[in-house]
Amino acid sequence: MPRATRAARAWTFAAYLALATLVHFAVGAYQSGFGGFEDEPAHLVTALMIRDWIVAGFHDPYAWLDPRGFAETYYIHYPKVAIGQWPPVLHAMLAVWMLVFGASKVAIVSLLTIVTAVLASLVCELVRRPLGLWAGTVAGMMFLTVPIVQLCSGAAMTELPVALFSFLAVLFFGRFLETGRARWVWSFAGAAAATVLTKGTGLALALVPALAIAFSGRWEVLKRPSLWAAGALVGLLTAPWYLVTVSMTQDSWGGGSSPSWAYAKFAATSYAGWSWDLAGVLGLCLVPVGTWWGLRECRRRRPESDRWAALAAWALALAALHHVVPSSVEERHLSVLAPVWIVFAALGAGHAALGLARRWQRQGLAQGEPTGEGAVAGLGVAVLAVSALLWNGAPPVKDFRGWDIAGAEWVERLPEGPTRMLIASDPVGEGLFVAGAALADEVRRGGADPRALVIRASKALCHAGWSGRSYVPLFSEQRALEDWLESKGVGLIAIDESVRETRHWYPHMDQLLTAIHADGSPWVEVERWDVVRNAAHEPAALVGYLRQGWRDLPLPDLRLEEIRAVALDAADH
């Protein structure tokens, strides 16, 4: 097929950008808070912390010399910083973007919209080369209609950036197999390092070279020093981070600390079900057809065919990682593979349509002049896209809000209200409250000291791991909790009653309510906020309590070491 002009590519990208923006409005990405996934608030606040650290350095260069101290102080005020839990690339991307375009929901979603549109354009270009413009255009549009892609593309999450970096890495390696030029394997190394430093999922790229070489039969590239040097470079760039943070990340693994058959079986069953929900019977049948065609082209040494071996290698490597490493089993992980399965499904649909058309022509079943191959392939991909749309139905809805509004309102009222707030909710509620407060702190945005200090009840009033395991309340005596609240200067408490009937209603929340409603308690209810969790409306569920005489409370400096000491002391009782 003829190459697309730069103007055509630009117009295609602009169309995908507009469509992705419309999808985000339909899904609710611009209206919802960053709570569609539990990790969203942590990514947002961590990115805000990096952005504010850069700004603070212009006012006080010492901040640049003490990033750890700045991060610890920031965590004390807005306790959703997760440096070390994830690698830094996503947070750095968001931080630089917010530095240029402002710290706002619209700015963040706009960056993710661009990432999504770039991925759609890459899908279009890959399919266009063998099947034509119409097939490529429809394939790119199909990518934008995948439900899990729609959710992840409007979320402050690692999945779509990982999908982009890994997709580029795989395509670069395919070009290396095709040309043998060192610049492509160095490009692979750079994109692979960016992937690995965005999320550990990228470690699966380590398997891609060996698998792709085996699939394509390009054994001669093993003799090229640049291949081995590029692999060493990726290791040098990424290994230090993981050596330092591996103990932190393992605490959040949901499937245990080591591989097991039970985890692999659970992962296989879960991902198979989600793949069925995602692709439907037609899509799942056509992916193997497209993969077979691509690998056959590789073996025949057709031009620009080794990319199919690299894509197949990436799909196999990523599937292996998600079945072996017991980090977690979640549907959003499929969004990283979505570009690959869209490409192979489109190839399968296009070539199936071409095969049928040729057979009908030979048998005399088709009337009139033969239709152009590009139109036939485009029709085949369009049939696939329509079937996927009908299978998936209406776009998913992302709607999580209320907690972020409450956090922002409290910060915006300062200094007319207490500066120290405690929020008791589930991880999403507490995270959204912290994120809302951090985003509303315009003083912090300008490089000055934070105006507010938010305390998460799930961190300060209990002992638990990152994912909530090994929960132990820290205060066995009610009076000890009341004294702690007073000694830390807590003037506002928000309790989320929408989680009362869930597993996230913990004993420390009952302790807080007992302290608030006790005879002679200084706490009075002052406000209620509606919350929306996954589009389910909970009226007046977030209850705010103000401590009378809050202006006279001591405001001691809080340090991470002090908080840990309090936790250990309380746990001993």
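Cβ coordinates come from backbone N, Cα and C, glycine included.
Feature annotations, reproduced from TrEMBL:
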type	residues	note
DOMAIN	87-241	domain 'Glycosyltransferase RgtA/B/C/D-like'
TRANSMEM	94-119	transmembrane segment
TRANSMEM	131-149	transmembrane segment
TRANSMEM	155-173	transmembrane segment
TRANSMEM	185-215	transmembrane segment
TRANSMEM	227-244	transmembrane segment
TRANSMEM	308-325	transmembrane segment
TRANSMEM	337-357	transmembrane segment
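Only sequence-distant pairs (6 or more apart) were considered; of these, fewer than three Cβ pairs between the transmembrane segment (155-173) and the transmembrane segment (227-244) are under 8 A, so the stretches are not in contact. Only pairs six or more apart in sequence are counted, and the transmembrane segment (337-357) with the transmembrane segment (185-215) gives fewer than three Cβ pairs under 8 Å, not enough to call it a contact. Beyond its flanks by at least six residues, the transmembrane segment (227-244) meets 84, 87-88, 176, 185-186, 188-189, 192-193, 196-197, 200, 205-206, 209, 221 of its own chain at Cβ-Cβ distances under 8 Å. Averaged across the domain 'Glycosyltransferase RgtA/B/C/D-like' (87-241), pLDDT in this predicted model comes to 95.
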